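Report on the structure given below.
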Amino acid sequence: MAIQKKHGKGRLDKWYRLAKEKGYRARAAFKLVQLNKKYGFLEKSKVLLDLCAAPGSWCQVAAECMPAQSLIVGVDLAPIKPIPRVITFQQDITTEKCRATIRSHLKHWKADTVLHDGAPNVGTAWVQDAFSQAELVLESLKLATEFLVEGGTFVTKVFRSKDYNPLLWVFKQLFMSVEATKPPSSRNVSAEIFVVCRGYKAPKRIDPKFLDSKHVFAELADPTPNNEAKVFNPEKKKRKREGYEEGDWTQFKEIPVTEFINTTDPIAILGSCNKLSFQQQPGGDLALATLDRLPETTDEIRNCCEDLKVLGKKEFRNLLRWRLKVREKFGLVVKKGQAKDDEAEEVAEIAPMDDELAIQEELLRLKEKESARSKKERRKENERKRKEIVRMQMHMTTPMDIGMEQLGPGGEDATFSLKRAEKAGAAAAMASGKELAVIESESEESESETEYDDSDDEGDRLERELDSLYEQYQERKEDKDSKLRAKKARKDYEADEWEGFSDSDKEGSDDEEDEAKPNVPVVPTNGALSNNAALFFDQDIFQGLDDVEDEEDEAEGTNNMTVANEREEQQEEEEEEQPKSEAAPEKKKKVKETANSKPSEDSSDDEYEDTDEPRKKNGQLDIDIITAEAMALAQQMATGEKKSQDVFDDGFNRYAFRDVDGLPEWFLDDENKHSKPNRPITKAAAAAIQEKWRAINARPIKKVMEAKGRKKFKAAQRIEKLRKKSALLADDETMSERDKAQAIARMMSRAAKKKPKQNVKLVVAKGGNRGISGRPKGVKGKYKIVDARMKKDVRAQKRLAKKKQK
């Protein structure tokens, strides 16, 4: 019977065959190849240390990928066959002798990369094998901390087990970046993963506990249960799935009530037990029977003892009070009066407090008081801002100048006054009930102070993280897309362009100064008013505002007059330079009217921005239709299907007045991309735009236009030179007319553009062309008949030429 070879858990896969083809000693070589392809640490390394290197496949990969003249050292318990450019020796990495040997090979160098692909001899219990491998990883890390350079890389194999997380924690303390990965060449059934640690911190001193397996893999003691929280805050319960206690299989604890009375820690019993039993034991219990007959032991107490897990804070307090009463009756607790009488003889002497200590305590108390006050003010300010944001989001804002006209200059006619409240009888109501409400609200605010501050800080932190992640995403996107980088560069260039100062800047600063002034509503007195408005503004309260208004109008009028005069002079200069048109006198007239008219308070920079828009010579805006939507709208307005009022009405939609203040950048980008009106377009408009872009794209680019221009310029230069030479030949009396004509013809032929060389057409001698004599049918110009024999002759000629060269 033939012997069938076992495949050993699928180890003879494609990586095994590839390792045989490439000449690697083990399939594990491809694990390092894939790790290096992902992280790229071998190309940057000059010195490498490979721990547990047998049979040497990782050293082979390192010798191929690392630069020339690199130092590679491999060590293992098993012997390693020699590898070119690699130093190998046989030692145990846990011994001091191995450290000395490595130090002798490295000399004064530090390793840029330390590799570890070792594993113990497995085959016993899995828990023991995983722990042995974790210990081996810790030993390799100890060697790495001794020989690794600052910023170096450490790559190790780890088994997935309960010791994996402690190892990962140790790695993160010593390296800047720690990533766990599983290369494709690693078998899926294998529990191994590879941890790549980059950026070694190289601390000056390392705590020995970091590299001690007894300390790193020690099992943590169970935390003491918080029974006080279970008793005093039973409503706030968080399930913690931590398993069961040893030996507690039923999860139900029942103890007699006498144990609860006699214990010194009743809260622990209430937090851990399920029931307090009044049931008598078989032998009988006199104390338990007495407890059951006491008048303090009511039916409510008995019901509470039946199930402690469903009780609330109030019921637990009742049980504790009942316990104290019972202990006093049984004489287990001494009353406070008796305790004072017994301890009256012993009087404690309190030493007077030192002056310096008293000053320190007073300063500490004042500092705490000041911090509490600032925290309270900050909380109120945050609450006010939050309410203001909510009001703005819900469009609940109201004009703040409504009712301001009733205020006098000193505020004597304010809306609220204490005298009016006393007359109306509201002062007593405020003193009785409102003050209590305020105090209660302040106490509630003080309780929720910490939670609100924490939630506010957490929200700000999350927003900052989202913004930073979005910026990283944008940078990665720009790195991949060259068009996006060019677009951003154009935006930055346009933003950096400086065109000097303009009058609008000065006007903007004047507006800011005006905004800084208090908002005192000024009622216009000039102009046409309705009857109701005239009656309203005839009140006594508006009589003192005329002088103030006139002074402000005069000041603003002088400024606006100077601006208008400057614009008028500029317009006149432009009209002198440009040809006169019909629109010029109208513009000049408008400028004069604005200069002579009284300036209004509502004038802003928007009126001056219109003059900066690009315009044609005839005064019309220089607007080009480049989208299908614009073309469709232009066609509709040209045919009369839509009017300007319809276009104005279409501008009022749900996309027009979106509130974008305070929104993050990533949200605004997404909204601008997707949340926009979808305007219908016609087939004719789309075709017109396509035709327009087709005509634009048909035009040659700038480089082609420049090349054609250069060719035309050179041709013109040649013709001019030829004309001058022809004139010289015509004036030469020594030459005959025939010679002159021939010389001019030769110069013309040389100056003329040469015809492109006609390619020789190859005709294969097979089929109808086999053995043909003369020109084949359908072939014009130069031709050459070729066959397979000719190919062989050409190859033979090339071989002979090479031999002669040698």
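Don't overthink the numbers, they just go from 1 along the chain as shown.
Just so you know, glycine gets a Cβ as well, placed from its N, Cα and C.
When ASP13, ASP92 are compared with the S-adenosyl-L-methionine site residues GLY56, TRP58, ASP76, ASP117 in Swiss-Prot, the one appearing in that site is ASP92. Of all the binding-site residues in the record (GLY56, TRP58, ASP76, ASP92, ASP117), the one with the smallest CA separation from LYS157 (active site, proton acceptor) is ASP117. Once the Cα atoms of GLY56, TRP58, ASP76, ASP92, ASP117, the listed binders of S-adenosyl-L-methionine, are compared pairwise, the greatest separation found is 18 Å. All protein chains shown were included, and the count of other CB atoms within 10 Å of the CB of ASP76 (S-adenosyl-L-methionine binding site) stands at 21. Here the binding-site residues are ASP92, ASP117; the one with the fewest Cβ atoms within 10 Å of its Cβ is ASP92.
Sorting each residue of the region 'Disordered' (368-389) by its DSSP state yields 22 helix, 0 strand, 0 coil.
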